[in-house]
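**Student:** Okay, handing you the structure first.
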Amino acid sequence: MPKLAVVLLVLLILPLSYFDAAGGQAVQGDRRGNGLARYLQRNGRDNEAECQIDTPGSSWGKCCMTRMCGTMCCSRSVCTCVYHWRRGHGCSCPG
């Protein structure tokens, strides 16, 4: 089998959810539903974890341990999410 065909086959087999261009961490929930996403949304362990489920009924989502802003993950929990005209959402952090 040519190298290109092998590479394409591997890329088709790997789930695209492993790759997150938005900067957040893609995580997999348990097989019984979105248990991990629900756990992270409970804001346990003194963090402000937020999860965005990609599609309803899916166990895949982007979870951020600070603050979600659109599809981005802000660097700190004190940051606020703002919308810039023509540039989209962005994080505004004090100091």
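Every residue, even glycine, has its Cβ placed from backbone N, Cα and C.
I grabbed these lines from Swiss-Prot:
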- 1-24: signal peptide (SIGNAL)
- E50: 4-carboxyglutamate (MOD_RES)
- P56: 4-hydroxyproline (MOD_RES)
- C64-C73: disulfide bond (DISULFID)
- C69-C81: disulfide bond (DISULFID)
- C74-C91: disulfide bond (DISULFID)
- C79-C93: disulfide bond (DISULFID)
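What does the local environment look like for each feature on the list?
**Tutor:** In this structure, C64 (disulfide bond) is part of a beta strand by DSSP. For C64 (disulfide bond), the count of additional Cβ atoms within 10 Å of its Cβ stands at 23 [all protein chains shown].
In the three-state DSSP reading, C81 (disulfide bond) counts as strand. Shown in sequence order, R67, M68, C69, G70, C74, H89, G90, C91, S92 are the residues of the chain, 6+ apart in sequence, with a C-beta less than 8 angstroms from the C-beta of C81 (disulfide bond).
With a 10 A radius on its CB, C93 (disulfide bond) counts 13 other CB atoms from all the protein chains.
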**Student:** For C69 (disulfide bond), just count the other CB atoms lying within 10 A of its CB, please.
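**Tutor:** Looking across every protein chain shown, the total is 22.
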**Student:** C64 (disulfide bond) to C79 (disulfide bond): how many Å between their Cα atoms?
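**Tutor:** Cα to Cα, C64 (disulfide bond) and C79 (disulfide bond) are separated by 13 Å.
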